[in-house]
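These notes concern the structure reproduced below.
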Ligand code: ASP
């Protein structure tokens, strides 16, 4: 019998995980699930995170050094960053338009607002403390943070991915500049290590269907507790807001990216979608672009035919700085909270949100919940009460899953565009041109 394709296996794993979670909540098996099922999800995420730093380091070094000269690197680099910024701004503007048209924040009754504010005030404090550290810094601090004073320190911290990227770029550039006979063994070494890392990714992915089962089962029981009804009720209250975010995210996935993939990438969207589906499923299950990165790279190379030279540079960078879903979500969430508090935001304030949401999404780490921490910055800059985050925390995990899926799809879209314009897209046989 033919083996089921990986993305179907993952999808089945996810569905069974949700069903198990719901069943466990109704049958009082919450503790059993938390003790015996959820840890396997954690192990799966750990495995993915484990490989993220070595992968970024080695793939960027090999990626940069394979670009024969520095001018080629700077051309591809500026093109990549330019498109990343553009798609992010499009996402924020789309979020703003939707939230202004549908006004989900005005749907709350005043009593409900009071209730939410009190209920979640304590949870908000932690998020604000995290963000306060960011807020208290000077304007150039983000730049300073990119340059590590000790590379081994950065390598031990999954949150310091930009520093690892900086070092890898520097290393790769220097490798291009030394005499070829001296560079050759170093290149060989990193290429070999790269293959080993990709093989490890392969092995980890074999466990993905079980990993996502455990992740989603754990998530559902944690959310629902012993009373699945409460989760449903909470979701209904915030459903309208979620729908607006989801509408924006869907527009990105089903309108904006298809336009870019078919016009500039010159590839059928179905082919593109089919190629990266497992990465999307994984983004959904892990809520982390960084954890999904190995699979995004593998699928872009093997299923879409994007040259390694492009993926190894564009995707690690994208996972870290390009978050269209996150920026869209931040725009909707900020205006939603303002609406709930009865604050009218004029056009200047909304333009300010375009700016801060773009920067905040670049600054957000590619891990679960990072977009929500950075949302505090957007709120503060726009003069919206930070406690308002309380309103949106409940369904945040679900939105995080969805926006991460968009983030990863956006990275893949841009890598396809860069690859096509650089003549580095060589689709495997059935991939026809649109
Ligand atoms: N979880 C998102 C990501 O990793 C970031 C966020 O929006 O929280 O892409």
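Glycine is no exception: its Cβ is also placed from the backbone N, Cα and C atoms.
Checking TrEMBL for transmembrane segment across the ranges 103-121, 122-140, 141-159, 160-178 points to 160-178.
Within the same chain, the transmembrane segment (160-178) stays apart from the transmembrane segment (237-260): fewer than three Cβ pairs sit under 8 Å, each pair at least 6 residues apart. Listed by sequence, the residues of this chain that lie at least six past the ends of the transmembrane segment (40-61) yet keep a Cβ under 8 A from its Cβ atoms are 155, 158, 161, 164-165, 167-169, 171-172, 175, 190, 193-194, 197, 200-201, 204, 207-208, 210-218, 282, 286, 288, 290-294, 297, 311-313, 316.
Within the same chain, residues 6, 9-10, 12-14, 16-18, 20-22, 24-25, 29-30, 33-34, 37-45, 47, 231, 278, 281-282, 285-286, 397 sit at least 6 positions outside the transmembrane segment (207-225) and bring their C-beta atoms closer than 8 Å to a C-beta of that stretch.
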